[in-house]
Every structure is written in C-alpha cells, then in structure tokens.
Amino acid sequence: MDKKILVVDDEKPIADILEFNLRKEGYEVHCAHDGNEAVEMVEELQPDLILLDIMLPNKDGVEVCREVRKKYDMPIIMLTAKDSEIDKVIGLEIGADDYVTKPFSTRELLARVKANLRRQLTTAPAEEEPSSNEIHIGSLVIFPDAYVVSKRDETIELTHREFELLHYLAKHIGQVMTREHLLQTVWGYDYFGDVRTVDVTVRRLREKIEDNPSHPNWIVTRRGVGYYLRNPEQD
C-alpha cells in the first residue's frame, strides 16, 4: 500500500509542486490549505507523514503540530522560512521530527521524506508485551519492542524521535557520539540535516528524564564533541 502524505501549505503553487513530486515517487498525497482543515484531515486520513508549513491561516503550523502530537506519532516535517531560526526551534520543541527551509530543493525534500518514513517503518513498536531485550540503566528502563520508557516505575511519554535517540544512546552507554553521527544514525540522513535538530531533541529528552534538566546527569555533553548516556545512580 502506498504511504499517505498530507501536505499542509496555504500557498497553492507550493502545495501543487509538492504533490506532483511526491506522487511521482509513488506516494498517495492529500493537501490541506489551512490549519483547521489540516487537523480534520489528520483525523480522517491518519497519514504516514505530514509536511506542515508554519504560516497558515486560521491555525498556524505550531498549533496544528501540538494538536496532532496529542494523539498521533507520525513523522512531521515543518516547512519554515529560510532565516527563521526561531520557527525551526519551536517546531522541534513541540514535537516535529524535522524541518525544511524554503526555498527547498526537491532532492533534499524527498530525501528527508524517505528518511523519516524509513525510520518510522523500521522502528515501529510491536503489538506485544515487552520482551527480554529491555535495557536497564539504573531506574531507567527501555522496552524496545513496546516503545516504552519508564523511570522509577513511572512511564515517560516520548515522541518517536526522542525514543529513538535515547534507545541508541542506551545501546552505546558511555560512548560519546558526535551530533553528526547521531544525525546519520538516528535520523537516517546521509548528507542532509542540521545538527541543531540533535541539540533540540536532546534538550527535550533531558526535560523528560532528568531530575534537574538544567544540570543533566543522564545525558551528558562532552564539550566540543557530542553527547553520551551514563548511569548517575552508580556514582
């Protein structure tokens, strides 16, 4: 079955170009042109991926992303203005998986769409009870099969990308990973991507698993190199 992609952009020429190129790649494409319509179509279609413009009438892309994330975990790629760093950060902070800046190349956009769909496909949670391959790091427990994380027996709600990042760091506990390496392995980008995406996702993760996110003890920064996961409860 073709993957369903929802394109949300109030500029019809851009939406038409996106639809044309995505259909050429074999995707089933639907378009929405304002925020309210986008939310309704997400409920109706439950697409496999959303391309979401920040600037929309009625309800902007940030609010749409917030509403979608309350119920769904499909990849969301934000479409942002070229120089709008704040839009990029806000989009990632509220749960978007990635962003593409306008004007964008078709090659870059398709690469990001494929990478996000590939990660979603290969890491989809199983519909079964957690198995014995769970990872224990002190009071932090990761259940890869069920896509669940708990700390001190309390479930922690993570987005798809947050889980993937934490899981990867946990499998390589104590090893410092560069942002570029994490972008390639967790996000699946071979040549596209902004390492700021990694920084924002790490910050979101810290807010959820750290006792004091301002002074992280689990996900540690190695200045000038990258990040690594440790077990502070062993110290």
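Any Cβ shown, glycine's included, is placed from N, Cα and C.
Marked as DNA-binding region by Swiss-Prot: 132-231. The domain 'Response regulatory' annotation in Swiss-Prot covers 4-117, and the record cites sequence analysis as its basis. What Swiss-Prot records for D53 is 4-aspartylphosphate, and it gives a curator's inference as the kind of evidence.
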Number of helical, extended and coil residues in the DNA-binding region (132-231), per DSSP
34 helix, 24 strand, 42 coil
The domain 'Response regulatory' (4-117): mean pLDDT?
89
Three-state secondary structure, the residue listed as '4-aspartylphosphate' (per DSSP):
strand
